[in-house]
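The domain 'G-protein coupled receptors family 1 profile' annotation in TrEMBL covers 37-283. Under the heading transmembrane segment, TrEMBL lists 20-43, 55-74, 94-116, 136-154, 201-221, 233-255, 267-285.
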Amino acid sequence: NFSQVTEFILLGLSDTRDLQVLLFTFFLLAYVMVLLGNLLIIVTVRTESKLSSPMYFLLCNLSFIDICYTSVTSPRMLVDLLLQRKAIAFEDCIAQLFFLHFAGASEMFLLTVMAYDRYTAICKPLRYRAIMSRQVCWVLVSACWAGGFVHSIVQTLLTIQLPFCGPNTIDNYFCDVPSVIRLACTDIYVTEWLMASNSGLISLACFLVLVISYTFILVTIRVRFTEGHWKALSTCGSHVTVVTLFFVPCMFIYLQPFSTFPSNKHICMIYTVFSPVMNPLIYTLRNNEVKASMWKLWKRCR
């Protein structure tokens, strides 16, 4: 694409040495929590026969996606916090952009499927096993990954066709579409709106489906409230927390023209760092079945 830029310089979160050390410690702990927490969920669900329902199958896949998603940005960010010059090769930057959107969009679709699973369990309990069979769950999870791949391919192709021949400084701690295409030495008006309609509308559509699902759930619980519905409502409350942390910042960033707004790197921290950290905490601390299974696994391994 006639680009002359061979590398990008990431400005990161701060250029103060003491603050960089503090941030390195914090993000290292956050990354370790994501890895250990989600791996623990995966091992627990896979080894405990009581956790064989579709909800836990989808939770296991969410944990795997979270590991992939946070591993796209966190290791590179941790290394850069220890370096004075934070350079990333053009090819590595595009690869990071691709895998970030691949895992991110897949997680959006999976969260939507998890909302549909809760809607089916609460609003159609007698048909739940038939509707959410294991085969259907595999098809839905595969569709999530396929949708994430298609979305990411579109974003990547729209990016690499742009010429980069001037500035190469990215005011962020990772390569993302808004930060990268601002550096293109051509008019990006059409490209940025195509990207915004891709990422932004996907975020908005998934979020609206989630809101509709939870609305039906709340209406159903209000009509026939039982102890079982209270448990389901508690699970949905956890899900809503994750959805809010993940979708709202994404919609804020991707539903606006990229070139007219400054860098949103501090907002990006919400869905690249804090949301993956919160997932294992919310789904374990607020779920008695998962906590009991983890305790049983711990006693078995001692």
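Note that Cβ sites are derived from N, Cα and C of the backbone, with glycine treated the same way.
Each of 20-43, 55-74, 136-154, 201-221, 267-285 was scored by its Cβ pairs under 8 Å to the transmembrane segment (94-116), and the highest score goes to 136-154. Per-residue pLDDT, averaged along the domain 'G-protein coupled receptors family 1 profile' (37-283), amounts to 85 for this model.
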